[in-house]
Amino acid sequence: MAEKKGSSSEKLLYCSFCGKSQHEVKKLIAGPSVFICDECIDLCNEIIRDEATASEKDAAAATRSDLPTPHEIRESLDQYVIGQEQAKKILAVAVYNHYKRLKHLGKKDDVELSKSNILLIGPTGSGKTLLAQTLARLLNVPFVIADATTLTEAGYVGEDVENIIQKLLQNCNYEVEKAQRGIVYIDEIDKISRKSDNPSITRDVSGEGVQQALLKLIEGTMASVPPQGGRKHPNQDFLQVDTTNILFICGGAFDGLEKVIMQRSDKTGIGFAAQVQSKEEREVSEVLPQTEPEDLIKFGLIPELIGRLPVVATLAKLDETALVQILIEPKNALVKQYQKLLAMEGVELEIRPAALSAIARKAIRRKTGARGLRSILEQSLMDVMYDLPNYKGVQKVVIDESTINGDAPPLLMYEEQQPKVSGSN
């Protein structure tokens, strides 16, 4: 019972949990027909604190108990991404420091470590998205890719920036703790640059406005996400996701940024002793590593957003040699993938060195980088893959330079028969 009659006819109140009377404790708090004392409240708080600390430790351990070193991260990236050595080194250090910081979150320290988000600058098909995907797979953390061009300010038609966090939650079955240690890759970040470096009086709902909205997300905020997806409406409960420890990697081609950099560097090269190079002599890949925050501001990113992306890595345009390596060397190389597909039909695929070079040159002409390699190879093998299940006795398919250039179909080699070209009667 929470109350009993004493000898002096006064009602004695007792704690409903520990049974102590009001005279044995400092405070007794009343509820509907129940009471709780200050000692029981302290005990409950202690239990909650212990559970919170334990869950934080578990989450940190789940992030990665055996966090790979920068060298190990770099070696893993090498298995999937060809070239871009400096960018891989910068990313390895940044990601290692980020997750090392998360592992030590529960510990008391005088120095608070801030988050270092990453900005990747490089042409289309240079490996920006692949680098981010590979990092997430290596660290076994939730990962999502968002397209900055589809985002608008809240209240306008288009995707709200908080939709990014909703997609991240979907990728980890709505486990909030996991999502709060994930990686978000925001592609095409350069496409939301403001139209000029002077603030405009007109509304720019897909430019500076989106940058401002992203800024809050990147620096850390409590994002309200509808449970199990769906649209927001006032009478529903929201999942609260703290974005403070989510690693944001932003990437973009930044076409024209090299001109901004050259204008700045040309101003410094004045005087009799100055060495002035013509603009034509300077390759874009030579200029981009000289990127300074002022260049990005001139390009159209707001200073606050640049301040939240302190780690900047530039990726070079891939040349013919690098593209050929991409076709054959990585673990999931395109040539290996198509060889596996044809092996399922019991057929060997041979792509000759001249054909590999022709594929690389075609991708360079199309200005698609590594991204365009698959479509070129798919186009060259389309007829073969269509007809192969109907052919009997095919042992090998050979692709040479003429096939890639569209001058001749692939060569089909039969068991103990003469070679035959695909599609011939």
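The backbone N, Cα and C atoms fix where each Cβ goes, glycine too.
Sequence annotations record features per position, and here Swiss-Prot assigns domain 'ClpX-type ZB' to 3-56 based on sequence analysis.
The Cβ of Cys37 (Zn(2+) binding site) lies under 8 Å from the Cβ of Cys15, Phe17, Cys18, Lys20, Val25, Lys26, Lys27, Leu28, Ile29, each of which sits 6+ residues away along the same chain. DSSP assigns Cys37 (Zn(2+) binding site) to a strand in the three-state reduction. Among the features that Swiss-Prot reports, Zn(2+) binding site is placed at Cys15, Cys18, Cys37, Cys40, with the record citing sequence analysis.
Taken from Swiss-Prot, the feature ATP binding site covers Pro123, Thr124, Gly125, Ser126, Gly127, Lys128, Thr129, Leu130, and the record attributes it to sequence analysis. For Lys128 (ATP binding site), other Cβ atoms within 10 Å of its Cβ number 26.
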In three-state DSSP terms, the structure that Thr129 (ATP binding site) belongs to: helix
Shell list (Zn(2+); ref centroid = CB of Cys15, Cys18, Cys37, Cys40; cutoff 8 A): Ser16, Phe17, Gly19, Lys20, Val25, Leu28, Phe35, Ile36, Asp38, Glu39, Ile41
Neighbour count (Cβ, 10 Å) for Leu130 (ATP binding site): 20
Which of Cys15, Cys18, Cys40, all binding-site residues, has a Cβ with the fewest other Cβ atoms inside 10 Å: Cys18
Whole-number Å value for how far Cys40 (Zn(2+) binding site) lies from Gly127 (ATP binding site) (Cα to Cα): 58
Inter-residue C-alpha distance, Pro123 (ATP binding site) and Cys40 (Zn(2+) binding site) (nearest angstrom): 62
Greatest C-beta neighbour count within 10 angstroms, which of the binding-site residues Thr124, Ser126, Thr129: Ser126
